[in-house]
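For T7 (among others), the entry in Swiss-Prot reads phosphothreonine, with the evidence type similarity to another entry. The N6-acetyllysine annotation in Swiss-Prot covers K58, K84, K444, K459, K490, K586. Feature annotation from Swiss-Prot assigns region 'Disordered' to 225-279, 701-733. For 230-246, 256-269, the entry in Swiss-Prot reads compositional bias 'Acidic residues'. The phosphotyrosine annotation in Swiss-Prot covers Y314, Y493. Annotated phosphoserine per Swiss-Prot: S454, S477, S642 (among others), in sequence order. The region 'Interaction with NR1D1' annotation in Swiss-Prot covers 629-732, and the record cites similarity to another entry as its basis. What Swiss-Prot records for 683-733 is region 'Required for homodimerization'. Annotation comment: Swiss-Prot describes 724-733 as motif 'TPR repeat-binding', evidence class similarity to another entry. What Swiss-Prot records for 729-733 is region 'Essential for interaction with SMYD3, TSC1 and STIP1/HOP'. Among the features that Swiss-Prot reports, region 'Essential for interaction with SGTA and TTC1' is placed at 730-733.
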Amino acid sequence: MPEETQTQDQPMEEEEVETFAFQAEIAQLMSLIINTFYSNKEIFLRELISNSSDALDKIRYESLTDPSKLDSGKELHINIIPNKQDRTLTIVDTGIGMTKADLINNLGTIAKSGTKAFMEALQAGADISMIGQFGVGFYTAYLVAEKVTVITKHNDDEQYAWESSAGGSFTVRTDTGEPMGRGTKVILHLKEDQTEYMEERRIKEIVKKHSQFIGYPITLFVEKERDKEVSDDEAEEKEDKEEEKEKEEKGIDDKPEIEDVGSDEEEEEKKDGDKKKKKKIKEKYIDQEELNKTKPIWTRNPDDITNEEYGEFYKSLTNDWEEHLAVKHFSVEGQLEFRALLFVPRRAPFDLFENRKKKNNIKLYVRRVFIMDNCEELFPEYLNFIRGVVDSEDLPLNISREILQQSKILKVIRKNLVRKCLELFHELAEDKENYKKFYEQFSKNIKLGIHEDSQNRKKLSELLRYYTSASGDEMVSLKDYCTRMKENQKHIYFITGETKDQVANSAFVERLRKHGLEVIYMIEPIDEYCVQQLKEFEGKTLVSVTKEGLELPEDEEEKKKQEEKKTKFENLCKIMKDILEKKVEKVVVSNRLVTSPCCIVTSTYGWTANMERIIKAQALRDNSTMGYMAAKKHLEINPDHSIIETLRQKAEADKNDKSVKDLVILLYETALLSSGFSLEDPQTHANRIYRMIKLGLGIDEDDPTVDDTSAAVTEEMPPLEGDDDTSRMEEVD
């Protein structure tokens, strides 16, 4: 800037220049900054703007008790002035300024307590963007500047200039340039390869990213050109003036001639008036643009903000083309102080559970200075769809990842954010239509929360919605289910599966539906993981109807009948277990079947058929767990079914009847399929079925028209039974 150059060229008699050595640690830090390559050099501007904002905060605070402090300048603002001719970038504020002692102490001779700690962190691979936390953010100026000049004026002292090219020392002198009134001007003499930071587009981009919500106006001064219509003579005059300016810069003194030309031009103008021809010329002017017009909406009172304002802010924050579904705006005060503005989007992103993608849904600010947008410590994974802003008053500026993980403040903020999100969901649940939209998009997140978040499991379980055997096309909450429970019903019954139709027609729900007991249909894969953690709701245990030991409400007479049936079919159960060997753990008489002859249930702590299917579908599954989790199958038979009764008679008549073995295996394999399991050897099962079809159609096994290949296959199969037993086979069928 011209005024600075003048002051630097003053003779030594008029001003005293004092030279100071940097304190050893600061010199070391500057050397580290200058000689190491950092990709995110842009943070220098954030640091300087933050420093300006702090200086403005201080003068504003002082003026509250003494308004005369602002007599030296009432406006509180920050200006950014790029100068391409001088290759400088200047940041000016009207803050508190610095005295001579402040300049010497703050910028060089007294190391901040964090200087050494920061250097150690930096050498250990920490990110340079955390520098502000250690109180040495000013030195980031040397990431882009070869020389830095600081001109400052404090109300209690004269105007001083500080300057250093980072060679181990700095100078301080009285500044006789243009009076500032009050404040600080930081002039960065940029390195040759860092001129991008004089570009309007780049400055705007950095300010929007890091300092958009600083509480004071940030104005960018840019020299621009515009077309101006003038007469020929005016155009010539302009050209002459530009030539004179060039001569001046080269050291040629031609001032008298400029005055003559100017006066002649004015006389000519008066004489000729509008007769001159018009001509368009390029005129340079300084354009001033405020870069942070979007005021931090979260600092305002929620009662004063309209839905439209929230909507506009949400769209500018997320670039979403749709309106948000719900919003929660709150502040926490007391020992800890922070504000938050949280939004629920209308739809879930397609990559919601993509682990490798960095989430940048929550922007973390510290005293309105942007810190980071991918702070995973703020929210648990199941709330990764929440968008918004968190602004803390207590966290240190530019906090590092390592410190975040140990920060007690952050843990308290996180706890409060989760609590407020759950409040928001419960408020949303009061509006059935909106909650339906929310649940369609984010039900998986709620269920993941139940699996992961033990502290909030109860509150999350109240948000669950399911189809049931009594709800029709409407999803109901567990609370609704409990209000409809029968008097003697102790448990909440549920079944997991692939589709609503599949579970509704399942053999497992037959007796429950017959007795008018409501069954919850869980048809999403994540439900399996959810119910592993959700053991009970409002004192009622959740019971899977596909597992062993199902207890149904029954009177004494029913219990007595069941015991009689167990005794009657005890022998058949033993025979079937001997035939199936290790395929099943046990064969028992069922209390859950009505129309199906048999079904396969799993042990209480083993996987359900649905869970087994989910695990098998996982590409990176651990096969070692498949053995002990999936093997515990129990075959339950229906004592009231004609197939089972006839099979009992057949087995008791002749224990060695070959057809009994074949029929038992066929029943078992069919039960596997109908219970949701997959067959280990589907081809063998298919061949058994084809043989049954042949018997049903009366096709003779020895018929020469039978295809040779199928005959070869059937030779490997155990025979169904002798020809003389065909009629009995058909009877069973």
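Cβ coordinates are placed from backbone N, Cα and C, and glycine is handled just like the others.
Y493 (phosphotyrosine) falls within a strand when secondary structure is assigned with DSSP. The Cβ of S642 (phosphoserine) has 11 other Cβ atoms within 10 Å, all protein chains considered.
Note on S454 (phosphoserine): other Cβ atoms within 10 Å of its Cβ, all shown chains, come to 9. The secondary structure of S642 (phosphoserine), as reduced to three states from DSSP, is helical. Closest in space to K84 (N6-acetyllysine), of the modified residues given as K58, K490, K586, is K58, taking the CA atom of each residue. In this structure the C-alpha atoms belonging to S642 (phosphoserine) and K586 (N6-acetyllysine) are separated by 21 Å. Note: the CA-CA distance between Y493 (phosphotyrosine) and Y314 (phosphotyrosine) rounds to 42 Å.
When secondary structure is read from DSSP and collapsed to three states, K58 (N6-acetyllysine) falls in the helix class. Each of the modified residues K84, K459, K490 was scored by the number of other CB atoms within 10 Å of its CB, and the largest score is that of K459. Taking a C-beta cut-off of under 8 angstroms and a sequence separation of 6 or more, K586 (N6-acetyllysine) has the following same-chain neighbours: C573, K577, H634, L635. Under 8 Å, Cβ to Cβ, and six or more positions away along its own chain, Y314 (phosphotyrosine) finds D320, E323, H324, V327, F343, R387. When the alpha carbons of K459 (N6-acetyllysine) and S477 (phosphoserine) are compared, the span between them is 12 angstrom.
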